[in-house]
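Worksheet: one structure, shown below.
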Amino acid sequence: SSTVKRSLPHSLYGRMSSESQEEYYPVAVLIEELRNEDVQFRLHSIQKLSTIALALGEEKTRTQLIPFLTDSIYDVDEVMVAIAEQLGDFVRYVGGKDHAPVLIAPLESLALVEDVNVREKAVESLRRLTREHTDRDLQDHLFPLVQRLATGDWYSSRASACGLFAVIYPRVNEATKLSILEMAKTLATDDTPMVRRALAGVLGELALSMVGCPPERDRSSAAQEVDRLLSESQSESSESLNFLVGGGPGKADPSGAKRNGGPGLMLNVSASTLPRLEETPEVLAARKQIVAVLLPLFNTLAYDDQESVRILALESTVAFARALSPEECEEHLIPAVLKAIAFKSWRARCLLASKFTDLQLAVGPEVTKRCLLDTFLSLLADDMAEVRSAAASQIKDFTANLLTSPAPSPAAAPNGESSSSGNAPISMDFSQASEDASPPPADSVSGGGGGGAGGSNSKLPKAGDLPDGNDQQSLPYLTAGAGATPSSGAAASGDLQNSFVLQKLLPAICDLNADSNVHVKSKLGLAILGLAPILGRDVTINHLLPIILSQLRDESPDVRLNLISNMEEVNTVVGVDHLSSSLLPAIVDLARVPVWRIRMAVINQMPMLAEQLGENFFDEKLMQHFFGWLIDAAYAVREAAVLNLTRLTEKFGSEWAKQIFLSEIVKLSHNENYLHRMICLQCIIHLSPVLDASISKDVLLPTALHMNQDRVPNVRFKVAQALAKIGEAIPSDLVSSDVMPCLQRLTEDPDVDVRFFANQAINSLKSLADGKSKANGNANTQSMQVDAVLPSDELMTTD
């Protein structure tokens, strides 16, 4: 106690009366731990700062605890990170929003620290504090903080300032907004790369805030904000709440928010869920300012000598596209981006490839067709495998967005014109899409190793030529609707498929299929599988199926595994005939490959194949492979075979199981290999709940009882587990007469594991029997109560 008294500031402890000292002694101990040499003690105390604040009260927290923390804030990095995190949620302990500015001083000190983790946490807490400040306090207290940080001598100060621009900008006056933009201009040419990197990471977020989109928020803070809004106003629209939960139109990803030493928090925008901004006069004016001020900064940072700065600047491309109109994107943003990725770094091209569909959605279909098609093809043919892999992963979404682009919303339609159909394809003329690149010859679209179909560049079939209605549904861009004449938009989409997909994209896919890099081919395989339902049956059979067959025979196990694990979409599109004649032989070949993961992936596809091929075809062609998988050398393969046999039994029924494979399962119980005997029991465990009780009684129970004296302990305890499952499926008299005696014998087994599982099975069956008895008793009681209420037959028949 004396140590605590001596070490604490006089204002916190020395002036207290003796009674107050006793009352606040636990708090004094926590404060003393802030000075402990052991870091863990200090961290424990910091985690209890809210307890200390509650004990002290709001006034003493403001006047004593916060100054104490500010004066003694410098510590090891872990402690400072913890303090910064705590102070971000400390407004309630200092008296609410009116006193929120008192928290700025300690967080400002932490924002100056050289360690990037401390700075990031301090800036994150300051960003949370902005929501607790009134606009006036923001102008009077937080903007001066930003000014101090932006003009500080240390690079850590200037880097921290960048993270606050976007949260300050929307809530200050016009003069202050201009000052913020001037600070951004100055920091864009800062001598220290870390400062330029921090600014590059928040340029997109600042652009979005200028047009009225809220800045990035972490998920927990967004959830708290939603709760607050709900409590304050029940009339808040669901759109506003979703806006907050999603982190605002920026759709930021907190997991990627802090990277490369930038304290603010790089914005990761996904355009797929973002509505087009309403073009109000304020938004139009803000866009002009973005073009005049921020885009030059973007160009400067995108050509920076430091690669990390260039990469972070290009990260903001989608956010800029979201903030600007499609016309401004085409005129100003896209040329700058394309010039930047051709500048030096392959990593910049890789970044653009990974975000290509987000950029496509942000700029809209018209700008995409005029500016981005050739760029996408060039990324698919890039010299670096990483770039090709990233671009290949975007093929499916890029093509789907291109061919099924929804009509623009009223807010997005140029000149305020709205579309008459919400999902009608947009009419696109691609005659000028690729002036520099002539289309390849028709015979260049080859099967890529599959042979057979796909050697020629066949025209896309018209809607009327499709074999059935399902194919029309799979080609939405070819038809204008049931019984309707194809619209000009649908015809244009068909032209788009001929001009881009068939003549340019498919040849590029064929080239990627011959790529020597395994990762590229794996990404391509997934893209092709995703393209099948988009392009429809004919295109899939003629052009994609040969590539799929080629990949199924690829020498790389990873390529084959990636493809076979995701075959369902293709199988649905190509139909039973091509599935059985083309894909099935390749799949069956994979069932015998040495790589156990591929064998397991093939097994997991069996229920889907059985559903599409039918019971008879499956029994004749595929069922025989299950018997080999049940005795596979890899345990995971054997287990997968058991699980999928169970799924097939659920689909085809108990009689099918009895006729097709139960006899083979019983044969395994006599096998010399104990692993095969164990897989027999594993089958019994999984099948007994889905088979009829009569089959469990006549087939499964005798098999399990026969194995209870097996010489291998592992088999015997598996018998106990099997009997527990069988006991749940058969009549209780058989459980008493056959199952329980066997389990009692196993409880006396020399092996401890056998005794354990036998006792476990007995307890399980007893609990089951007690539950049934209780249920029957309740039913009888209810029946007696009903009989007591109803009149007797004599009374009912008496006049």
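Glycine is treated like the rest: Cβ placed from N, Cα and C.
Nobody curates TrEMBL annotations by hand; they come from automatic prediction.
Check TrEMBL against the ranges 249-277, 771-799 and you find region 'Disordered' recorded for 771-799. Summarised as a single figure, the pLDDT of the repeat 'HEAT' (700-738) averages 91.
Taken through DSSP, the repeat 'HEAT' (700-738) splits into 31 helix, 0 strand, 8 coil. Residue counts for the repeat 'HEAT' (505-543) under DSSP, helix first, then strand, then coil, are 34 helix, 0 strand, 5 coil.
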